[in-house]
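Comments concern the structure below.
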Amino acid sequence: MSEMTPREIVHELDSHIIGQDKAKRSVAIALRNRWRRMQLQPELRAEVTPKNILMIGPTGVGKTEIARRLAKLANAPFIKVEATKFTEVGYVGKEVDSIIRDLTDVAIKMTHQQAVEKVKFRAEEQAEDRILDILLPPARDAWGKNEEGDNDSGTRQSFRKKLREGKLDDKEIDVDVAAPQVGVEIMAPPGMEEMTNQLQGMFQNLSGGETTKKRKMKIKDALKALAEEEGAKLVNPEELKEQAIFNVENHGIVFIDEIDKICKGSNSQSGDVSREGVQRDLLPLVEGSTVSTKHGMVRTDHMLFITSGAFQMAKPSDLIPELQGRLPIRVELEALTANDFKRILTEPNASLTEQYIALLATENVNIEFTEDGISRIAESAFRVNETTENIGARRLHTVMERLMEEISYDASEKGGDSLTVDDAYVTSRLGELIENEDLSRFIL
């Protein structure tokens, strides 16, 4: 798991997300507390439960982006789900328990990758030996057995050197690789994914053990395939499973987006089964329960739950009281200003302007955004948000695409040309649309 300090986490988030300091600090502290808890004595560690977070803010201000970036920083099992995808137990649709099953699958895959990475050097050496055995078959005695000899002879060492330098990469050889198991693809109705997995596992077991298949491959491809095969042999599946379940129980993070969509609004008279029932099903997961997965039983007592919602049609108090109590940390994200839009266009790593400059540079078209041009784009997006529906920073994508449409279309024929995107250019391309509210409502 990540050992970054809260300050380092916030600094990393700052390079991708503009503003929202309170939300960044909250998730940074929550992530660091995961590490702090693991430093405690086992008796005290069992008593320390994570403080779950509820992020509240209008659409397009960075709630989902914080989750995306956090997933990369966490170095722990992480899953992001939409609350609207789930229905109450007993109705057709996905049950909330599938969140934990999917998170466990993520942990298994992650732990397997880490284990294979640790034995990567040994696996690559063994893969090299197998390829050298094909290129330089060992001498055999009259009985067909390999003769005892110096495997690291001068010729073998010479070939190993060439292999490592890539001089043999394009040579084709016949190599025995593990044949993929013949699986049975089963299309299951929603909510029956677990049963489908069990059936598929049963059919795979019936198909027998692992078989090999002779294939003609380039040496560089054979090295990769054989290294994966040897790496899989060097790891213990049972130990992996135990480690993955430990990781998911102690370091797992669940991000539930759009939680406001399963609130029953104060004025709502609907008895929608996918709302309050889903909240009640989420309760046991958030407060701690045991979920059955194909890898074993998984406890959710020490998982961190981060939830978010716009809460435009409902209020946080519309959540059922029990769930409100399980989300003690409330963070309100602020609506973005025109100045924030300006910073979003220039400051983050791989900002929108950088992306367009790089994309059109592939066609040998040089794009330059001036300070007044960027200010005008930001003001235009902010103005459209104010006069129509406020969709936050996502409006910048729409405005930029409209602005760059003509040059993107003609770029192939304009190799070597330059374009300066200044105030005048932005006004000529977007002026009429922004001034005319009816047009901007449908086009921007």
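All residue numbers here begin at 1 and follow the chain in the order shown.
The backbone N, Cα and C atoms fix where each Cβ goes, glycine too.
Worth saying up front: this structure is predicted, and the values here are computed from it rather than measured.
Listed in Swiss-Prot:
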| type | residues | note |
| --- | --- | --- |
| BINDING | ILE18, GLY60, VAL61, GLY62, LYS63, THR64, GLU65, ASP257, GLU322, ARG394 | ATP binding site |
Those binding-site residues listed as ILE18, VAL61, and which of them has the most Cβ atoms within 10 Å of its own Cβ: VAL61
Protein Cβ atoms within 10 Å of GLU322 (ATP binding site), excluding its own: 13
ATP site span - longest C-alpha distance across ILE18, GLY60, VAL61, GLY62, LYS63, THR64, GLU65, ASP257, GLU322, ARG394, in Å: 34
Binding-site residues (LYS63, GLU65), the one with most neighbouring Cβ atoms at 10 Å: LYS63
